[in-house]
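Swiss-Prot has this to say about the protein:
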type: SIGNAL; residues: 1-26; note: signal peptide
type: REGION; residues: 27-308; note: region 'Catalytic'
type: DISULFID; residues: 29-39; note: disulfide bond
type: CARBOHYD; residues: 81; note: N-linked glycosylation site
type: DISULFID; residues: 89-94; note: disulfide bond
type: DISULFID; residues: 184-185; note: disulfide bond
type: SITE; residues: 184, 185; note: site 'Cis-peptide bond'
type: BINDING; residues: 227, 230, 304, 381, 383, 384, 428, 430, 433, 453; note: substrate binding site
type: ACT_SITE; residues: 229; note: active site, nucleophile
type: CARBOHYD; residues: 280; note: N-linked glycosylation site
type: REGION; residues: 309-463; note: region 'ABD'
type: CARBOHYD; residues: 332; note: N-linked glycosylation site
type: DISULFID; residues: 366-404; note: disulfide bond
């Protein structure tokens, strides 16, 4: 385990474990407790995280009749009773509805509600995970981990006894080393209680993936990093830590610890061997992270403000440039611009400023944005001017109407990059929308305030 940092809160999660000859003689939370830092949250669907734990690990809900049942370990400290789940779910589907906290603090995880970003399920909630998505074998016994697909997430915004402000804490997780992507963000840890982005340093969570928009490690990833809100960090340098290696183990142990102006990343093979230290030092060299402003909610599978564009959802896009934070991307006929929109605006304007997220017309890894009030018409660029145009089915339009979001270049929200012209982003310039580059021959390519002008806060749509 990681060396202790003053007063500490320990969190543990074990959602997928590799087959091993036997369980270790002490559970992860027993080990933390022996070091004077008992778990305040302990989530695991494959096994008990305390040797003495006999309570429920998780709850599943049956698709055929909506009935639920709890899955417990076979014996104190043991592997989950997958046989009970298989019997209960026979002939139908099951979802994981609750992941219980084994620490005794009641910090259970349930379906994440809508936050800064809305989810794909009803009323904007995130999806629940399939109960059979991540089968594993532990100590010769079948168990099920939690398979997190994009749009799946769990959360507790009222967690008890978790670290807040600049208090110290430790986070530990066992993860599937083959299941990751470059989206933002697969996290487990401490996040905002509101589900909104409340600023740098307001969360501290384990991240695993190969997103390169902010921090990176050596090689091409995936890496263990820390999501501290508005940035993924691998060390002191906000851009790169060459000591944070790309990992290729089938199952990975990941740990992040943080205290006042000190934090650490550790990781290793979950099947055997010790953890290695990838970083141990001062907080990142960026504003807002020293001191930290942690809020104490718990998340799994999502970013602190529920970040992940979801196909089928409806969104509005707000400018983040200081001059223009009440202005949203809207259209007037085929012209795309920014307009001041609020809850008191007309119904017509609210619709003009609302967009449905669709699978990218040219690339399914990215997105296209369909007008709410003009169905089958999409945002696209023509001579780098953004327009609203009806989908004529042509390859040219599909490419011009496909965009790839990434973390906002100014640290806020998202920047939306053209798939067909990867150096160009959604930008407002004189209140008109362009596909602009950071410097170039066009007036709208002016590098002044570029990062602010291409960063957008994504929220639930006005209509």
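One-based numbering along the chain as shown.
A Cβ is built for glycine as well, from the same backbone N, Cα and C atoms used for every other residue.
Keep in mind that what you see is a predicted model, and the values were worked out from it rather than measured.
Everything Swiss-Prot records as a feature, shown here on the structure.
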residue	record	DSSP class
29	disulfide bond	helix
81	N-linked glycosylation site	coil
89	disulfide bond	coil
94	disulfide bond	strand
185	disulfide bond	coil
332	N-linked glycosylation site	strand
366	disulfide bond	coil
383	substrate binding site	coil
404	disulfide bond	strand
433	substrate binding site	strand
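Ranked by CA distance from residue 433 (substrate binding site), the recorded positions 29, 89, 185, 332, 404 have 332 at the top as the closest. A simple Cβ count within 10 Å picks out one of the glycosylation sites 81, 280, 332 as the most packed, and that one is 81.
Mean per-residue pLDDT, taken over the region 'Catalytic' (27-308), amounts to 93. In this structure, 404 is the one among the disulfide-bonded residues 94, 184, 404 with the smallest number of other Cβ atoms inside 10 Å of its Cβ.
Ranking the recorded positions 227, 229, 383, 428 by Cα distance from residue 94 (disulfide bond) puts 227 first. Annotation note: residue 39 (disulfide bond) sits in a strand segment as assigned by DSSP. For residue 428 (substrate binding site), the nearest neighbour among the recorded positions 89, 185, 332, 366, judged by Cα separation, is 332. If you draw a 10 Å sphere around the CB of residue 229 (active site, nucleophile), it holds 28 other CB atoms from the protein chains shown. Just so you know, of the disulfide-bonded residues 29, 185, the Cβ with the fewest other Cβ atoms around it within 10 Å is the one at 185.
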